[in-house]
Amino acid sequence: MAEQAVLILLLLASTVLCAESLVVNSCSSVAEQLCNFVCDCSNCSDENQCGYLRGSAVLGTPFTCDFEEGDCGWQDVSTSVFRWVRGRASLATWGTGPHSDHTVGTDLGWFMMTVSPPAKTKATAWLRSPVMWDAAATCEIRAWYHLSGSGLTQLEQPVLRLAMAHGDEVVELWQSPERGGEGWHQLVAYPGRIAEQFQLIFSLTQPPACGAELALDDIIFRNCGLQEPGQQVCVEENRCRRGSCLAQHRFCDGTDDCGDGSDEDTEQCKSFRHCSFEEGLCSWEVEVAQPMWERNTSLNLGTGYGIPTRDHSSNSRAGFFLHVGSTSATGAGGTARLSSSTLKVNKSCSLVLYCHLHGSTTNSLSISYVINSTKHLMRERTGDLGNCWVRERVDFNVTESFKVAGAVLGQGVLGRAQGYPQYAPMGPGVLIEGVASGAGTVAIDDLFLSPGCVWEQEEASITLPSQAGASPCAAGEVPCDSGGCIDAELACDFAETCADGSDEKRCGATTSEAGAEGWHDVSVGQLRWAVQGAAEPTNTVLTGDFLVIQAGEGQMVAPAKARTPLLGPSGPACAMEMSYHIHSGPQGFLAVSVTDHSTGTKHLAWHTQGHDSMARGHVHVPLGERTRPFQVELLGLVDLQDSATAGIDNVTFVQCHPDVVPPGAAELSCNFEKGMCGWYQDPSSDFQWVRGTGQGQGPDHTTGSGYFMAADPSALWSHGQRAQLVTYWQEPMATSHCLSFWYRLAGPQIGTLNLKLRLQGEEETVLWTQRGTQGSIWHRGRATLPATGQQQYRVAFEALRDGFLGDMALDDVALTVGSCGADLSCSFEADACGLAASDQHSWLRQSNGTGTTAGPPVDHTTGTATGHYMVVSTGRASLPAGHVATLTSQPYQPSAPAQCLAFWYQLSAGTPGSLDVFVEQSGVRRKVMSVRAMEADAWHRGHVTVQMDEDWQVIFEAVGAGSDHGYMALDDLHVSDGVCPEPASCDFEQDMCGWSSPADPRLHSFAWGWKNGIPLAKYPGPEQDHTLGTSNGRYVHFDTAVLGTGGTTAQLESQHLPAAADACLRFWYHMDIPEHLACGELRVVLQSVAGQRTVWSVAGHQSRGWSGGVVPVQSPSEFQIVFEITTWTWPMEGTVALDDIVYSTGGSCHSRLDMLVEEKPSGSFVAEVVLSLLLAIVILALVATGSWYWLKRRVLASGPTAESNAPQGFDNITFRDDKVIISPMPKDGDEN
């Protein structure tokens, strides 16, 4: 909660400083110095409103637009009603678009979004940036987008594009993939070196009748400014004309790294052999075969997903390059080959080229040289590198004449140079080969041979040998090392299909002996992953061959990245284990992420940061149950110039086969002290269940200091709505079982906790559900698991959030034989909780989602039309006059001398009949309540104190009155220990006595909390309640920091009360608001059909102790009492708490006003008692009597309650080494 408060205040501060932060060009820079990613003004105001601002206060990144302070100059230029607007998420329309922005992660953040009803024709919305200038070759654009709506299920998908307008053309930089799930996804685009002005354009094109919505957030420009001219000495570097330094091997490589063209000066680079393919092949030779390298332009190739959208030489659609696309031949392993003439090395010989691999995870490009008919691999790139041109450089340290060779291959691994099989006799030379797989394309451009590569003159062109190494397998197959072919889908599926197991040898698992089998480096920047042997000098503690981060040849500034081949399917226990080391500053990191191609999602599975010293370890990274295909991605970032190192070794995939059942998988009973037993985190969840202690939420239930499972949707970057904690598949159950557990639902915007059951081959069903805050207190839940026959089953706890402020917790789960018995609390959301109707057409469980069903328009639990309740139609056609429809509960056990039965009911207008309530014990009925009419069309609370010494049942009886129409409804049945309090009166020790926060989404559903005085980091409040004066005493509270700006309110409502002529409300309140903040207000409001009337209020800072309030109450009609907190215009930090609310009728308040003046803090009170002991013997006797009473009440308070927040252990279940021992059940246990 403190993090939320800081975030809200940060947003407020950015709003207050808006006028200063959005000043543009305060130093009157010339046009060319505006929006060029370099701060020329001292306050960097020349870089505001550029499609970005000078920085994001929330993200802490420069040259960023997070849309929190405006649109950053982005302009909608759409030509139809389909357009872009700046907006926010709405909890009222949850599920129809993004539920949060990406910056803040809540509904308070802003983004750009498309709006329009679905059109009958294809439509495009355009969003254009301001003019920008002079982007460096290293420029990288990152943004986050969220695509949602009904259009995602159509055959033709909506497409998001990012394009760049420069010169006289528009060039596409990025296009959304064909498959992508809902949620926030990152796009990365590289515009390349732009030496002039340019603009960016986002466009969303949706097909006819598509209801897609797109949100765009957090546009970040990285490394886009030219390097600042410096006065430093260029150590082992050359100086550019403009004064900056550049490594020698970056000169004459086809990229303007200096920013003034001096590194690509024609005179300086004239000795390099350069081929841009603008005029032809430049003496390079293409093998005429299928497939083959083809010279072409983006204008001719079209706009397919994997096709290059520009060349590298001119950054233009009209520029030429060589490419090879997928064909039937390539699907069968065909290779396109390009070769040089024979070369002779004079001093040093190097080749620089730019490659484009996009659209397929199995694209591959290789560069080799050939001597004496033997091919030697120098560099290989495999996978999808994105829609960009990536620089590659190869040094040929060869003493003989040779031929450079390149190939596009279907498969490949990350490895050192190695010998290839013998070919037919041929002369020495260079070969570039390649295969584009699936829908992918491989392209090359701008080949540079250094002056040391001497092009020898040959009498005749040498014909390349036949492709003796081509795959013998058909399309869609892969070879086994032992011979034969298998379906490609069976490779890397964690099961050996080839006789020698070779189909599982190149899948990412690596040992000290085997090297980096299966990992493909897909880096595009100045770092890369490479295999390094133990014989080579290292600063690591690992031995043998392992993957390390080395200097890369790419032009971008990006982390090193490597991927496995396509994997899967995997089972629930699947994990990757590996050893690692990292020696780096705090900016360095190692990370593992998982890309799921079936859903188009990626999530971070593990990461560690540098700490300025050597760190090493062995980690277990859960991957979980996934469909095929997915890939594991390894990322790393270190500063090699600062002697930093990082590497991994001993990678293994454990328990990944779908049929693997790990030890302990059948252990559903768990206290989480030593692990998660048979439960695991569903990897497809949007946020996580985390095992831990405390976590700012309070103690666990088992010991008070142990572990529990917590789901915190307010955690940073917890995007999405769902988190699931699931079991492995369990053996069939011949009889029913009872699953009991302890749970917490806390926070002003927490959502729903579901318990679900899924039988194999069937859809899951909800067995138990609870929605909305239940306070920072442990409650017990139970659900009966029915017999499953011959079917296996699995159980899941599902957390669904309604907002961003709150958390859920689970502890002490136990599975026992037999049904659970009567539910002590029932909302009817999952089922009828065992209540039996006298006739199948009488009482029914229903919701009113269609608005046509006879019954209340909304339920009481959720306040929505989709919520469920029990209802009976009392019209004469269904229930004639005098006829009875009964609803009978299962037997309740008398767990205390007195129990309180509470429920909510609603009767239709007119004469629906009568609702009678009976309590039955040993066949004897006793009527305890009867209702015949209601004043308002709303849910009313009924309660009955039950005093029984044996099992008892409650019976609801609807008696027809013979009217044309009518109904009676019931909801939220609850049985608790103790005598029922009077209506609207509560000391909050057992429950909230019918006080609740309105479930109206238009009010953001900011719910009051319920807790004791034990300090919690997330939920501050008084350390003592008023009733008991101890930290174990309970009260209701609200943290005002969550209300934000705009004068929002938080309300606490009583049940509906009858009209009152002379009633009195007494209560104790605690307003812990800082003294310098006087804008917070607590009000008492009377609410009825006539409107609202404020009858009491107090504002600003009050005493830090408990203070009393007395309010006379008068209302001519039925009404509710509402406690309301408002912060007016500005947010504030502080806590408001209430306790000991007493509502009484028939007596005047005025005679007791003097008894409820402000109470002093407990320390002052004790001091006055001590002083009084010294004054008189009579006072001493009174104090002694009072002390005896206080101690008695303290002892009573320390006894067991229905749901104590103190550590209670596990009732009748003892956990030892995560094994369950069932003790004899007490005759009248604490809980049912």
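Any Cβ shown, glycine's included, is placed from N, Cα and C.
If you check TrEMBL, you get these features:
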SIGNAL    1-18  signal peptide
DOMAIN    63-226  domain 'MAM'
DISULFID  Cys240-Cys258  disulfide bond
DOMAIN    273-455  domain 'MAM'
DISULFID  Cys473-Cys485  disulfide bond
DISULFID  Cys480-Cys498  disulfide bond
DOMAIN    490-658  domain 'MAM'
DISULFID  Cys492-Cys507  disulfide bond
DOMAIN    668-822  domain 'MAM'
DOMAIN    824-982  domain 'MAM'
DOMAIN    984-1151  domain 'MAM'
TRANSMEM  1169-1191  transmembrane segment
For Cys480 (disulfide bond) and Cys258 (disulfide bond), what Cα-Cα distance in Å is obtained after rounding to a whole number?
49
Give the number of CB atoms, excluding that of Cys480 (disulfide bond) itself, located within 10 Å of its CB.
18
Least Cβ-packed of the disulfide-bonded residues Cys240, Cys473, Cys492, Cys507 (other Cβ atoms within 10 Å) is Cys473
List of residues, in chain order, with Cβ under 8 A from that of Cys485 (disulfide bond) and at least 6 apart
Pro472, Cys473, Ala474, Glu477, Val478, Pro479
Neighbour-count leader, CB within 10 A, disulfide-bonded residues: Cys258, Cys498:
Cys258
Would you mind giving the whole-number mean pLDDT across the domain 'MAM' (273-455)?
79
In DSSP terms, helix, strand or coil for Cys480 (disulfide bond)?
coil
Reported as an integer number of Å, what is the Cα distance between Cys507 (disulfide bond) and Cys240 (disulfide bond)?
45
Collapsed DSSP category at Cys498 (disulfide bond):
coil
Euclidean distance between Cα atoms of Cys492 (disulfide bond) and Cys498 (disulfide bond), Å
11
Cys492 (disulfide bond) and Cys240 (disulfide bond), Cα-Cα, nearest whole angstrom:
49
Any idea what the Cα distance is from Cys492 (disulfide bond) over to Cys258 (disulfide bond), rounded to a whole Å?
45
